[in-house]
Every structure is written in C-alpha cells, then in structure tokens.
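Annotated features, as they stand in Swiss-Prot:
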- 1-14: compositional bias 'Gly residues' (COMPBIAS)
- Thr2: N-acetylthreonine (MOD_RES)
- Lys6: N6-acetyllysine (MOD_RES)
- Lys6: N6-acetyl-N6-methyllysine (MOD_RES)
- Lys9: N6-acetyllysine (MOD_RES)
- Lys13: N6-acetyllysine (MOD_RES)
- Lys13: N6-acetyl-N6-methyllysine (MOD_RES)
- Lys17: N6-acetyllysine (MOD_RES)
- Lys21: N6,N6-dimethyllysine (MOD_RES)
- Lys32: N6-methyllysine (MOD_RES)
- 1-20: region 'Disordered' (REGION)
Amino acid sequence: MTGRGKGGKGLGKGGAKRHRKVLRDNIQGITKPAIRRLARRGGVKRISGLIYEETRGVLKVFLENVIRDAVTYTEHAKRKTVTAMDVVYALKRXXXTLYGFGG
C-alpha cells in the first residue's frame with residue numbers, strides 16, 4: 001500500500017493547479033527578428049517599423065481563432081488533450097490546409 005488512501009491518483013496524475021499563472025504580454029515573445037525572418041522567407045526586402053506591432057496583433061487574432069476551433073473539436077470528442085489532428089482540422093476549417101501531421 002502506498003498510503004494514498006481510496007481513489008488516490010498514480011504518479012504523474014496530479015490534480016488541477018489551484019493557482020494558475022496569468023499569461024499576459026506573451027505576444028511580445030514574438031520578437032522583432034522573428035517577424036523579420038518570417039518576412040524574409042516571404043520575400044520581403046525592407047520592413048517598416050510599424051509592421052512589428054501590426055503583425056503581432058494579426059498573429060494573435062489568427063491563433064485565437066485556430067485554438068478556439070481546435071478546443072471545440074477536442075471537447076466534442078470528449079477529450080481533455082488537444083491533438084495535432086484537432087489543430088489540422090481547425091486550420092483546414094479556416095482554409096489554410098497543413099500537410100505532414102496525419103489525416
């Protein structure tokens with residue numbers, strides 16, 4: 001007996017965290033050089049200084065929509081873990097098909 005009593009959770013099965021760290025200002029993690037690299041990959045030569053904040057805003061809205069759809073697929077399947085296929089289907093729904101992740 002491990003001394004956990006009835007209904008004790010096994011290893012790695014901890015309950016929900018009581019205090020969750022509030023995530024804010026993480027969009028600044030998309031750095032100026034990262035946006036510049038993406039633009040270079042797209043064939044851009046010179047970039048205006050105002051582009052960086054605008055790109056962060058557009059990316060945030062896009063990811064919010066994709067994540068919302070992926071979580072909807074997960075909840076419909078009565079799962080708690082978002083799979084790669086949920087994200088693929090969410091992207092496909094927003095007409096941006098992604099290859100190489102199954103399906």
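Easy rule for this one: first residue shown is 1, then count along the chain.
Heads up, the Cβ atoms here are built off N, Cα and C, so glycines get one too.
Everything Swiss-Prot records as a feature, shown here on the structure.
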| residue | record | Cβ contacts under 8 Å, 6 or more apart |
| --- | --- | --- |
| Lys17 | N6-acetyllysine | none |
| Lys21 | N6,N6-dimethyllysine | none |
| Lys32 | N6-methyllysine | Tyr52 |
Secondary-structure category, per DSSP, in which Lys32 (N6-methyllysine) falls:
helix
